[in-house]
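Per Swiss-Prot, the features are:
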- 1-318: region 'Ribokinase' (REGION)
- Asn195, Met196, Ser197, Glu198: ATP binding site (BINDING)
- Asp264: active site (ACT_SITE)
- 344-474: region 'Cytidylyltransferase' (REGION)
Amino acid sequence: MKVTLPDFNKANVLVVGDVMLDRYWYGPTSRISPEAPVPVVKVDTIEERPGGAANVAMNIASLGANSRLVGLTGIDEAAKALSNTLSQVNVRCDFVSIATHPTITKLRVLSRNQQLIRLDFEEGFSNVSPEPIYERIQQALPSMGALILSDYAKGALSHVQQMIQLAKKAGVPVLIDPKGSDFERYRGATLLTPNMSEFEQVVGVCHTDDELVEKGTQLVKDLALDALLITRSERGMSLLQANEAPLHLPTQAQEVYDVTGAGDTVIGVLATALAAGKPLAEACFLANAAAGVVVGKLGTSTVSPIELENAIRGRADNGFGIMEESQLKQAVALARQRGERIVMTNGCFDILHAGHVSYLANARKLGDRLIVAVNSDASTKRLKGESRPVNPLEQRMTVLGALGAVDWVVAFEEDTPQRLIASVLPDILVKGGDYKPEDIAGSKEVWAAGGEVKVLNFEDGISTTNIINAIKKK
């Protein structure tokens, strides 16, 4: 299956469900309390993240799509914190505020990467009138490409069947992340996304893939669903439809640090891809790839278009790391969040040879990621003469990107990459040859930002000019 990213900017997705605030208190612990046999945590870091349906909405916004969120909150500090955090990532919040209930909040205390305790602040909203939510759904649906109902059994979806009918009447696909063993309440939905445990609570234990397909397909028919997407942890996902062959997607996770919120990412990416015009099978492929990315992060997390692009194509087929400048800056920002050191070099690289390969490998060893900035065809011609380049820019970038040492390749139009380097500000700027560091384009900007500038040797006797001259003699 050839899969490409859709234009997420054109997608409009409405999320309705149980919103909550995830709070994390971090700190060291070095002693036991004299008051009780419990560790004393000296809190030095506090984080607040949207959880539940709010995390789904944030996942949608992180793709660049238009995300609107409807849910129930209290009138309290937690509701303000949740709204502020979501507005900063371009989620449009349309909350129903209930004075008699607190905003659902989950507080986790952690030390040395170990969760010591979780405190839940909630009363549930099952006794709250659904009419204000109905009104918000009806008002939003005409402009939406998909509706997500995110059920955490906290009360926002107590009347879920009426919400499904509103979406069907408007012709909007409705995707549901279910909760509990009563799937009958989701009858008529477009698609459900249970995990394996939730699925087996409803249909019984499945000992084989064939049994899973048989029971899942029957469930699709019994509940008048269009499809069922079962998330199966390390075994990936299975898409089941009444009159289609099953689609099994293997997991794409390389390392698993935390599965918190992975289901939110799956349904968020799935619905957004559908709203952007992707067919169901491709949308599931994208959701599976996104899940593989997000479980490699700690806590509830999101996935960016760049991360998703790299995930669906893999290191060997992702355009070989070829990026526009704006994409590169986003990728560098993400790498820095992971604590990675960025190395950058530049050149024409007209005919890639052993000297280039050795030089780039040595440059890569200086840090964690290597950017290669490449002169455009016009820039190369001005620098090298009318007969150059021998290979056009696209081919030069493709060959460079195929090297294991190279993470990202970007083009520049100017005679030097000074402006580009000043924009990216690598941790280490590298140039090959006999340059003085102060003469290297971009060195002043890198030094001013606290970075390093290094000069590496090229291998003697190997150059593009020598190769061209040797070819001409033959």
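Any Cβ shown, glycine's included, is placed from N, Cα and C.
Spacing of Glu198 (ATP binding site) relative to Asp264 (active site) is 15 Å (Cα to Cα, whole number). By neighbour count, meaning other C-beta atoms within 10 Å, the densest spot among the recorded positions Glu198, Asp264 is Asp264.
Residue pair Met196 (ATP binding site) / Asp264 (active site) shows a Cα separation of 15 Å.
For the region 'Cytidylyltransferase' (344-474), the DSSP-based tally of helix, strand and coil residues reads 54 helix, 26 strand, 51 coil. Annotation for Asn195 (ATP binding site): spatial neighbours Ile230, Thr231, Arg232, Ser233, Gly263, criterion Cβ-Cβ under 8 Å with sequence separation of six or more. Residues Pro194, Phe199, Glu200, Gln201, Ile230, Thr231 surround the recorded ATP site, their Cβ atoms falling within 8 Å of the Cβ centroid of Asn195, Met196, Ser197, Glu198, which are themselves excluded. Contacts of Ser197 (ATP binding site) defined by a Cβ separation under 8 A and a same-chain sequence distance of 6+ are given as none. In this view, Met196 (ATP binding site) is surrounded by 17 other Cβ atoms within 10 Å of its Cβ, with every protein chain counted. Secondary structure from DSSP puts Asn195 (ATP binding site) in a beta strand.
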